[in-house]
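Positions annotated as active site, proton donor/acceptor by TrEMBL: ASP141. Feature annotation from TrEMBL assigns Mg(2+) binding site to ASN8, GLU373. What TrEMBL records for LYS15, HIS198, LEU199, GLY200, ASN201, GLY202, ASP271, LEU272, ARG273, GLY319, VAL320, GLY321, GLU322, ASN323 is ATP binding site. What TrEMBL records for ARG84 is substrate binding site. Taken from TrEMBL, the feature site 'Transition state stabilizer' applies to HIS173, ARG231.
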Amino acid sequence: MTAVLVVNSGSSSLKYQLLDGDEQVLATGLVERIGGAGSIRHRGPGGEVVVDAELPDHTAALTLMMRTFASAGVELAPDVVGHRVVHGGERFSAPVVIDAEVEAAVEELAALAPLHNPPGLLGIRAARQAFPGVPQVAVFDTAFHATMPPEASTYAIDTELAAERGVRRYGFHGTSHEYVSQAAAAFLGRAGRFVVLHLGNGASACAVSGGRSIATSMGLTPLEGLVMGTRGGDLDPGAVLHLLRTGSSVDEVDTLLNRRSGLAGLTGSGDLRDVLAAAAAGDERAELALGVYAHRIRGYVGAYLAHLGGLDALVFTAGVGENSPEVRARVVDGLAHLGLQLDPARNEARERGARVISPDDAQVPVLVVPTDEELQIARHAVAAVG
Ligand code: ADP
């Protein structure tokens, strides 16, 4: 039996999940506000507990997690720890057992992912301290997209400069796109040509052919592509230059693009539920935001249909994709000429689990497939240690 602890470490939060060898989830939890007066919300066999504690750093967060397991009567002794690491750059196209060299490489890659890789490293270091001798595996958000052909991953800028600075399309959400495309293939009984729409706070589209990513909407960073909660996705790079030349600092533009754009920029709230509620109440800004959101997705669906040379399934996943019939309808309505349509009752049905939301006689099935990045990380972690 292999017990796997999955750790997803952010700058001030740490999500974890403990799974047994049968992929059963034994416990999950979230430690928040690391760096100050923090708390843990832990759900395990004994129910849910919430504990407040002073949490100076990620090591303190993991110590609190272990104490919480202990007070629930569970001795936390994972055989392997799987870590979500956002950026694997060109070096990592598969999960890898972490050693000093891997750790140094992840640290170097922080140049490409300054918001994301450093917190991942904090989680790795804290886990190594907490579980000495237990193998730690890094699972990269970028790895699944390593199969993109060069024409999909290359930006048309000076080749030498691009190579020197690592400027290319890497793509993110790869663990989710991989899990969901595999689950969709299992559900349909065949791998094929899929467009996967991961619509959460972050959002990205991926064209998957025969189980491999051939195109994705995020690029060098998770800023490119679809409209997201607080990121606007595609933008003329000239707009960035214009902002810099007309009075904004680099930090201001960074904040604008990462935190004050997307649904938040257009409406004041980055939570799609707020935007839907406002639109239903007649708010024009919210209506426009939903229009921009769906318009962008439809553009990618069309582009990926062309790249894939046809489509065997359109797949919705993540918070919005799994839970919002209205957004799914806004994306798919009017695409019958591409073989895409919804069955309204199936689309509205409040079900969990993988399901079809198109009519039985639809040319292309439209699916909802819940993502499970933790399970995919656990699978990779077990596979990596043999
Ligand atoms: P993350 O990218 O942080 O993992 P999630 O995948 O959980 O995020 O997605 C969060 C988004 O999902 C939020 O914008 C939230 O409003 C949206 N969401 C969650 N439930 C619903 C729902 N029932 N209807 C519409 N949107 C929803």
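Cβ atoms are placed via backbone N, Cα and C, with glycine included.
All annotation found in TrEMBL is predicted automatically rather than curated by experts.
In this structure, ASN201, ASP271 are the recorded positions from ASP141, HIS173, ASN201, ASP271 whose C-beta falls under 6 Å of some atom of ligand 1. The number of other CB atoms found within 10 A of the CB of ASN8 (Mg(2+) binding site), across every protein chain shown, is 23. Scoring each of the recorded positions (ASP141, ASP271, GLU373) by how many neighbouring Cβ atoms lie within 10 Å, the top position goes to ASP141. In this structure, the C-alpha atom of HIS173 (site 'Transition state stabilizer') lies 5 angstrom from that of ASP141 (active site, proton donor/acceptor). ASN201 (ATP binding site) is 9 Å away from ARG231 (site 'Transition state stabilizer') when you measure Cα to Cα. Non-local neighbourhood of ASN201 (ATP binding site): MET228, GLY229, THR230, GLY270, GLY319, each in the same chain, at least six residues away, with C-beta under 8 Å from its C-beta. Rounded to the nearest whole angstrom, the C-alpha distance between the residue listed as 'substrate binding site' and the residue listed as 'active site, proton donor/acceptor' is 7.
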